[in-house]
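Sequence annotations record features per position, and here TrEMBL assigns domain 'SMP-30/Gluconolactonase/LRE-like region' to 51-279. What TrEMBL records for Arg117, Asn119 is substrate binding site. Marked as divalent metal cation binding site by TrEMBL: Asn167, Asp219. As annotated by TrEMBL, active site, proton donor/acceptor applies to Asp219.
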Amino acid sequence: MVRQIIVDSPLLKIGCTLGEGTPRNNPANAPIDSEKDRCAFATLRYLSSTAKIIHYNTVSLEVEVEQFDEKIGCIALRCNGPGLAGAAAQGFALFEGQSKKEYLSRPMPADFVPFSRFNDGACSREGHFFAGTMYDKERGVPGQLWRYDPVSACCAIADPGPFTDSNGLGWSPDNKIFYFTDSIENLIYAYDYNDGQLSNRRVFVDAMALGLPKKTFCDGLCVDEEGYVWGARWGGSNIVRYSPEGTIDLEVVFPTVLNVTSCAFGGPNNDILYVTTAHCRASGEEDRQTEFPDSGHLFSVKTDTRVIMPLCLTCNCFVLLVTACLNTQFKPPPPQDMATFSSAPIVIDGKGHLLGRLASIISKQVLNGQKIVVVRCEEINISGSFFRNKLRYHNFLHKRHIVNPKKSGPFHHRAPSKILYRAIRGMTPHKTPRGAAALKRLQLFEGVPPPFDRKKRMVVPEALRVLRLKPGRKYCTVKRLSHEVGWGYKDVVDRLEEKRKIKARAFHERKLAAVKLRQKAVADNGASFEKLKELGY
C-alpha cells in the first residue's frame, strides 16, 4: 500500500482562483545574519490566474500583490537585480516590481496569440530557460516546448510536440534527465539532457496506466535530491511522488482541496514542500467549493527529503533561480491573519481593502492590545455598486433622534476615517472599559501624513479586495462616497497625496541609483576581492 501524508489545514488563506508557481528567495544560498535579511530572503512568490504575482514573506507575514494586464505563466528569481523573470502570455519577460513587465522575447506566432499562451517553465543550471505553451484543439494550435538562451537572447523550439497543455518541468539531480508534463494526455515525459539540448523523448509516467483516478490530470512538479519527482494532481486532491523508475512511492493528500496545481521545496533544510491550489471555479465546479473549502489557499508540508541544488540562469542582465531555498530559521505563521502582537504600532495602508473585512480584523487586534494605524482610509473599497452604497448612506442620513438630535445623535460623519472608525466601533464593545481602551490604540488618517509617510506600510490579505472579491464584481471607494455625501476635503487630500508620491518616487529613484552604483562597484572590484580573500581578509 502506498504511504500517505494527510494535510488538512492551509498555511495561508489567500483564495487564489488558480494559484501556481512557487519560487523562493535566497540568492546563491547566501548567509543571512540580520532580521532585515531574514525577512528579505524568506519570500515565497506564486501566481494567480487573474494575472497576479503574490509575494508572501514567511517571516514577517506580509503579503504583496502585483496586478498585470495579461496572465503570467511562470516566474523565477533574479540574483543580480530586483524583480523577477519568467514567461508571460506571449513570451519571456522581466517583472520589475510595481506591476511593470518588459518582454525579452516574443516567440509566439501572431496567429497563435489569441488562442494560446505560455504556461509553466523552468531554468537549467547552464542558464537555458524552458517554457511550454497551451493548445487549442478547435483551431489546431499545438502545445510546444520553447527554450530561451540568455547569451544570444534568442528563442528556439526545443520540442514541437504536438502537446496539449504544457506543465511541470524539472531536472534530475545529475542534470542528465529533463522532465516535462503534458497535462491533458496525463503524461510526464523524460528526455536525455545535455547542455540545453533534448533528445530521446520517452514516457516517464502514464497516470492512467498507474491506476490514478479518471478526470484527474498531471500538473506542476518538482524534483528532490534523491531523484524522486513530486507531481501535483489537478482534480485529484493530492500530490504524487514518483520514484526514478516511474512508480508511485508516496501520496500527499489534501482532503479539503479539489485542484492541486504546483509544488516547490523550501525551509531552513529545504525539506518543506510549499503547495498551491486552485478554486473550484477554475475547473467550472464552483458548486463544489463548499465540499472543498480550502481550494485556492497555500499549503506547506514537512517532508523527509530535500530539494535538489538551486538552478541558475546567468547572463549580462539577469540571473534566475527557480528552486532557491530559505537559509534561515523558518517561522510558521500563527493562525491570525496579521502579524503577532508588537509594542510598536502596525501601519496599514487602507488602499484596496474591503471596509467590513478590514474593520473586523482591526477590531480583534486592538482588543488584543495591538496598536494600529490606518492611512489612506479614503482608498478603502466597499463591495457593491456606488449607486447602491450611496442609497444606503442616504438612508442612514435620514435616521435621527427625535429629541435633541444634536446632542443624542446619531452623528452622520462623512470623512472616510470616521466611516471606518464607525465600522470598527460597531464590532467592538466600546461602552466597556476594555473596548474604550482598545479604541484608544487606533489611529485613522486620510492620506499618509508624517511620520507615517516614512514607515513601512502593511496590508491585510484576508481583507484585500483583489483576493476576496470575485473578479468582475462591482465595488466603490469610500473617497467617492464621502465626497458625494458632503465630505469637503477630497481635493485637499488628492493634492497632498500627489506631492507625497512625487517625493516618494524621487526617494525610490535615488535609492535604486545607489543600489546600482554599489553593485557596479562590487563587480568592478571583484578581482581584488578574490585576492584579498586568498590572503585571509
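FYI, residue positions are counted from 1 along the chain as it appears here.
Glycine residues also receive a Cβ, built from the backbone N, Cα and C atoms like all the rest.
Structural mapping of features recorded in TrEMBL.
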residue : record                             : DSSP class
Arg117  : substrate binding site             : coil
Asn167  : divalent metal cation binding site : strand
Asp219  : divalent metal cation binding site : strand
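Among the binding-site residues Asn119, Asn167, the residue whose Cβ has the fewest other Cβ atoms within 10 Å is Asn119. Fewest other C-beta atoms within 10 Å: among the binding-site residues Arg117, Asp219, that description fits Arg117. For the pair Asn167 (divalent metal cation binding site) and Arg117 (substrate binding site), the Cα-Cα distance reads 12 Å.
Across the domain 'SMP-30/Gluconolactonase/LRE-like region' (51-279), the prediction's mean pLDDT works out to 85.
In this structure, the CA atom of Asn119 (substrate binding site) is 11 Å away from the CA atom of Asp219 (divalent metal cation binding site). You'll find the Cα of Arg117 (substrate binding site) roughly 16 Å from the Cα of Asp219 (divalent metal cation binding site).
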